[in-house]
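A.B. asks: Annotations for this protein, taken from TrEMBL, read as follows:
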- 41-75: region 'Disordered' (REGION)
- 41-55: compositional bias 'Low complexity' (COMPBIAS)
- 56-67: compositional bias 'Basic residues' (COMPBIAS)
- 73-167: domain 'BRCT' (DOMAIN)
- 172-239: region 'Disordered' (REGION)
- 188-199: compositional bias 'Polar residues' (COMPBIAS)
- 204-221: compositional bias 'Basic and acidic residues' (COMPBIAS)
- D444, D446, D511: Mg(2+) binding site (BINDING)
Amino acid sequence: MRLHQMLIYELHPNNIPKLPTHSHSQVHGVLKKLEDERQITQKQTPPNKPTPHAKMAPKTKPKKKRSPSSESEPDGMFSGMVVFFVPKGVQPRRLQIWKQRLVQMGGVIEERLSRRVTHVFAMDSHTLLKELDKERLSRFKGKVILYQWLEDSLKSGEKLSEDMYELKLDPQSADIPHKPLNPKPTYGNLSSDSQQSPSKKIKLSSEETKVADLKSNENKTENAPLLSTSTTSSPAEVDSFNYANTRRQSLESESEASSLPYCPPDLNKNITEIFGKLVNIYRALGDDRRSFSYYKAIAVIEKLPFKIESTDQIKDLPSIGKSMKDHVQEIITTGKLSKLEHFETDEKVRTISLFGEVWGIGPATALKLYEKGHRTLDDLRNDDSLTNAQKLGLKYFDDIRQRIPRHEVQEMERILQKVGEEVLPGVIIVCGGSYRRGKATCGDIDVIITHPDGQSHKGFLPKFVQCLKDIDFLREDLVFSTHSEEGTDSGVDTYFGFCTYPGRELRHRIDLKVYPRDIYAFGLIAWTGNDVLNRRLRLLAESKGFRLDDTGLFPATQGSGGKRGAKGIASLKFDTEKEVFDFLGFPWLEPHERNL
């Protein structure tokens, strides 16, 4: 029993023994004995410790109880480490947890880069150089380690080798100034608020507005919207005006997060480029499992802060199994991969892979076209069986294979936001995908849209598309379906098509998705990606008895054939992405941290 509990127990009236009223001599004897013991204790007190002065027995100051988070193990896993944390790029709550765990396991934290520091932890070289200049780093004698080392060590329960996580800085990288973004383009009626260009009406032909089969194009999206999320209650009803303002601020902060750059070292392009070709080949062949395996391996290898010279360096890395290590060994030894060469020399595989790169042509269609005798893209151009969407994908085949620089996507996002605000004040428009994850280039543009009041988004997309066509931003249509006004298909409106950057005719793929406010968080997560994260969240949801997609998190219901997570009547409700992560028990990741 703790000391203070014992005192409370002993001093409780029910626990004090009652002395007879006539035994005054006995009471006097007990008090005298206590006084004698007090005097003996005072005589034994060391000279340098003052004796408390009190008429009653001396009070002893209780020891301050240390909280569990502050208790450390002198011989813990991180003993001997004196660490300086670079906070940029890390979610504050996660940083706090890391610090607590490090101290608990024997580490010491310094609030500045002093001579005592043995290790500096940083998210990447860019955030490091924003916090510490290259001159200070050149004088630092310790190691600069990626945060991933700390997280992986905590997960494995042992101190991992630091070599694979050491951050090697390019001496020239610190000399590259941060160039300002290109000035806002003069683009139709966007050049000035006071100048309004005449409305240029462009009628959509029935062919152009024809809705393509979305399922046949699932493999063409950079971030397959397959996520898992759920909530235990719907959001509380609040004043719509105040809620809209609060929600808008929250969503604007989510949009601003996309400005954080994600720049993996990618020192092993000789490996990742070959694996990337295999991703596309297996995807075209309809082998999603193998395609995804190489996709995951690329995500791991491109982050490594060292050049792979031996497979021993990657033996403990996730997503790198024996066959993948064998491929790496062959590449670093010979500079090529026999499997890829075999595919590239096999006429059937090569042809199906080529056809599969055309937007709108999936594995089954590619195989049929091959069996019809087609071998080249020119052969396809003469095939009348292609849909209008497939013909457009073929027409702009070379255009849409070109990556889009990040600053151009940012400028196009501004165009979308400005036009959207003119059509519907208060509308929220966020570019997702690899742009929101901070990548330097993007394959296409994914745009996620909503309105905070939960109603005004209905009917917005057709007006928005027409205005974007009026200024020659949107050019050709691939998919155009609206459901918000009828309430069908979860009330989500969809537009897939081609757009152009101001002053250019080069086509880029663009997807517009308009979600009701109450399921916007799901759409935002799904269309931000990446594929690895989406799949992990989806599987996590299924393990909890839910099914996750871009329209919500649906609990398992009776009559679903016993399949866990079958789509139920209504989705659980969340206001933010973080609430979804928290419900699933998945660590919160900022958008630029989702390149798993």
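Yeah, the Cβs are placed from backbone N, Cα and C, and that goes for glycine too.
Caution: TrEMBL annotation is automatic and unverified by curators.
Tell me about the setting of these features in this model.
C.D. replies: Across the domain 'BRCT' (73-167), DSSP assigns 39 helix, 16 strand, 40 coil.
Taking the Cβ of D511 (Mg(2+) binding site) as centre and 10 Å as the limit, one finds 23 other Cβ atoms among all the protein chains shown.
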A.B. asks: Looking only at D444, D446, the binding-site residues on record, which one has the least crowded Cβ, with the fewest other Cβ atoms within 10 Å?
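C.D. replies: Minimum Cβ neighbour count within 10 Å, taken over the binding-site residues D444, D446, occurs at D444.
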A.B. asks: Given the model, what does the mean pLDDT over the domain 'BRCT' (73-167) come out as?
C.D. replies: 86
